[in-house]
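According to TrEMBL:
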{"type": "COMPBIAS", "residues": "1-14", "note": "compositional bias 'Basic and acidic residues'"}
{"type": "COMPBIAS", "residues": "24-35", "note": "compositional bias 'Basic and acidic residues'"}
{"type": "REGION", "residues": "1-35", "note": "region 'Disordered'"}
{"type": "TRANSMEM", "residues": "65-85", "note": "transmembrane segment"}
{"type": "TRANSMEM", "residues": "97-116", "note": "transmembrane segment"}
{"type": "TRANSMEM", "residues": "143-166", "note": "transmembrane segment"}
{"type": "TRANSMEM", "residues": "190-210", "note": "transmembrane segment"}
{"type": "TRANSMEM", "residues": "222-241", "note": "transmembrane segment"}
{"type": "TRANSMEM", "residues": "261-283", "note": "transmembrane segment"}
Amino acid sequence: MTDQDAPFRRDLYTRENAVPEPEPSPRLRQTEKKDVRRMSAPRAAVIHEAIRKEGEEQLGRPTSALVWSALAAGLSMGFSMVGLGVMRAGMPDGAEWAGLVASFGYAFGFLIVILGRQQLFTENTLTVMLPLLHHRSWRTLRALLRLWGIVFAFNVVGTLAFAFVAHRTAIFEPPLKEAFVDLGTHVAGFPWWTTFGKAVVAGWLIALLVWLQPLSGAARPFVIILITYLIALLDLAHVIAGSAEVSYAAFAGAITWSDYAAGFLLPTLLGNVTGGVVLVALVHHAQIRAEMYED
C-alpha cells in the first residue's frame, strides 16, 4: 500500500514507532485524570487531520457557493484598508509610536472574513493543500486548482469593487481618502523581489494562523488580531488586503494599473502561495508523516 492510499489511523502511529499513551499519575482521582486528558493539547497529527477534513469539505463545495463566499471575502477585506486608514489618519503627525497603534486596524477585515467563514485565498494555501498531500491524485489537484482559481478571482473582484465605491462616492471623508491613497502608493512602491519576499513571510503567517485555529477556541479573535497585527507591523504583503489598497491608489490615478497588476499583484500572489504551501503545508505534513500512515 502506498503512502497516498493508506488509511488514516486512529492511533496516529506506525507499528514500528508506536508507544503507549502516557497515563496520568495513579495518585490522581478518576475525575482528575479525566481533567488531565481534557486539558492536554492535541498532537500535531490531530490538528493536521482536522484541517485536512475541512479542506476536503471545501474542495467539494459547489461553484456558486465558492463564488459568493469569495466575493464577500474580497469586499470584507476592504475593511482592513479602512481600519488602517482610520487609525493612521487619527494619529498625530510625526508620532514615532503611530505605526504600533495604527497597525491594529489591519485586523478588521481578517476578523470579518475568518470569523464569518468566508473564502479567503491565502487561508486555502494550507487548508486545501493537505488533502492533496494526503492523497496525491489528478482529481484532487484539479479540485484544488478549481477552488484556488475561483476564490482568488472573486476575492480580487471584491477588493476592486470596494476600492471603486470607496473612491467614487462620498462615503469616506477627503482626509481618509488621502490616507487610502498613501497606503496604496506605499504598498506598491517596493521593488518586485522585495514585495515577493514580504509576501512569502505573510503567506507563512496566514497559514500558521489557520494551523492555530483548531487550538484557539474562545481565543480565536485574539489569535487573528495578533497574527494580522504582526503582518501590518512588519509591513508585509498580503495579496487580497493589499489589492484593496493598491487598486484604490490606481483608481485615484496615483499609480498605474500596470503597477497594480505586475508590480504588486503578481509578486504578492506568488509569494503568498510560496509561504503558505512550501513553508507550512509541506513542513507540517512532513512533521507528522511518519505518524499518519501505516508502512
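Including glycine, each Cβ sits where the backbone N, Cα and C put it.
Sequence-distant contacts of the transmembrane segment (222-241) (same chain, at least 6 residues past either end, Cβ-Cβ under 8 Å): 73-74, 77, 80-81, 84, 99-100, 103-107, 109-111, 114-115, 120-122, 152, 155-156, 159, 187, 190, 195, 198-199, 201-202, 205-206, 208-209, 212-213, 216, 264-265, 267-269, 271-272.
143-166 is the stretch from 97-116, 143-166, 190-210, 261-283 with the greatest number of Cβ pairs below 8 Å to the transmembrane segment (65-85). If you look at the transmembrane segment (97-116), the same-chain residues 6 or more away from its ends with a CB under 8 A from one of its CBs are 72-73, 76-88, 91, 123, 209, 213, 220-221, 224-225, 228-229, 231-233, 241, 244.
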